[in-house]
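Participant: Shown below is the structure under consideration.
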Amino acid sequence: MSAALRYLNQRYTMPNEKAKALLTDIGTEELGHMEIIATLVYKLLKDLTPEEMRAAGLGSHYADHEKALFYTDASGNPWTAAYVQAKGDPIADLAEDIAAEEKARATYQALINLTDDPDLIQVLRYLREREVVHSQRFREALYLVEEEYDPNRYC
């Protein structure tokens with residue numbers, strides 16, 4: 001959710017149409033990733049008993065939300081708009097986007113390392129590879145923006 005909102009917000013301050021279109025496309029795709037992840041989490045939780053949820057460390061989640069989705073980080077901290085970064089400087093924003101995609105790639109790899117479920121691994125690999133593509137595309141956009149952006153702005 002953070003990536004989608006980040007990119008969809010940042011597109012407004014991009015100096016060229018290619019970068020705006022790229023942020024729109026990737027932001028929209030990230031909404032799809034959120035749906036995929038939400039579906040995975042729900043399918044993993046839907047048949048668990050309260051006892052199984054407690055044994056898996058999800059007792060407090062069950063107490064507050066039962067099996068409903070509630071967006072948190074891996075430590076259980078609720079999602080917040082503070083996770084959405086937009087500086088308004090196209091070069092800073094695109095550099096941050098590249099880093100965010102690389103962190104997402106690393107996170108998907110860590111999740112792959114934590115499971116032996118082949119179906120889950122297949123989906124996580126797909127998402128990981130899309131993050132690689134996003135990072136590459138943001139690198140291309142950064143190059144284009146740097147080529148036409150006023151270098152004196154940063155001196």
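Note that the numbers count up from 1, one per residue, in the order the chain is shown.
Positions of Cβ are set from backbone N, Cα and C atoms, glycine also.
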Participant: Looking at TrEMBL, GLU30, HIS33, HIS134 are annotated for Mn(2+). Which of GLU96, GLU101 sits in that same site?
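Facilitator: The record-listed residue among the candidates is GLU101.
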Participant: Helix, strand or coil for GLU30 (Mn(2+) binding site)? Use DSSP.
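Facilitator: It is helical.
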Participant: Among the binding-site residues listed here, HIS33, HIS134, whose Cβ has the fewest other Cβ atoms inside 10 Å?
Facilitator: HIS33
Participant: Counting only residues 6+ apart in the same chain, whose Cβ is under 8 Å from the Cβ of ASP25 (Ca(2+) binding site)?
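Facilitator: In sequence order, no residue meets the Cβ cut-off.
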Participant: Using a 10 Å cut-off, grab the number of neighbouring Cβ atoms around the Cβ of GLU30 (Mn(2+) binding site), all chains included.
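Facilitator: There are 24 of them.
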